[in-house]
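Asks: From Swiss-Prot, here are the annotated features:
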type	residues	note
BINDING	47	NADP(+) binding site
BINDING	123, 124, 125, 281, 296, 297, 298, 299, 300, 324	FMN binding site
């Protein structure tokens, strides 16, 4: 299994949804970075379950630093982080051992490995993403030391959607972080959709933006910045689509409508618009990075659907009432998208340092 992401700055996540713990090992973090357990609290709180309109599973998601940090400073050696699973309830999954859960990875895992841990999705569960968010905290610290800021936010919920990319600012970050849905969309409309559809789930879109990036992040051909971001984002559970800049809408434009004209002033050369999303030839060009990730509706819903037992018998399937699931995974995916953005950018930043003497 591919459990590692990154080249110079890399992470390896481990653990299952209903195991005793999950965690991550980070390689390539420079020495001397300030780091304490308290640094993880805000980001982990944005991803953790048990909050409004998310899975009722109660996980404190406190991060324990096992290695790579001494006297609150990174040492340059591998950093190992542990997150205990405190609220594991596997009983609701016992009745599912003999049938396939529609929309879940169990069927694929059994086909590939001949065996699967079906408790809460096992390794395929979104629980794994808590490890990515923890690693992303370290990546964000490195980016901030280089004056690079990033933000992800919910830009689509069901039929509600905004395709605008706002300019990143402290006030925007504060607005997103204080929203219960981490969004700029009308919160009352989201709440109404949830209240009117208590037995169903919703898809969503998470947008990400950055401050202007340094020129040169990304490599030609197979190491392009958008390509690496696409791989990072599409590795998130339930992600079903990715675009950068104008994305799919650019296929409906003419060349004259799409082109970003170059302009120049006393600060240098820049673009009049940013439909390219901040990269040309797969390399950052000093513009903000802008993109979006689409997430499917949660597969675990209260409405019945058809499935089969492992012996092929057709059955009417209903998610167990005691199961604990998100009505919209995109809400908590905001923190995960931001973490994967940060991890990708730090890795490319360190790679770029190797391109010139």
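Any Cβ shown, glycine's included, is placed from N, Cα and C.
Tell me about the surroundings of these features in the structure.
Replies: Non-local neighbourhood of residue 47 (NADP(+) binding site): 61, 129, 130, 133, 332, 335, 336, each in the same chain, at least six residues away, with C-beta under 8 Å from its C-beta.
Summarising the environment of residue 123 (FMN binding site), the number of other Cβ atoms within 10 Å of its Cβ, over all protein chains shown, is 19. DSSP assigns residue 123 (FMN binding site) to a helix in the three-state reduction.
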Asks: Enumerate same-chain residues with a sequence separation of six or more from residue 298 (FMN binding site) and a Cβ-Cβ distance below 8 A; give 'none' if the list is empty.
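Replies: When sequence neighbours closer than 6 are ignored, residue 298 (FMN binding site) has 201, 202, 238, 325, 326, 327, 328, 329 within Cβ distance under 8 Å.
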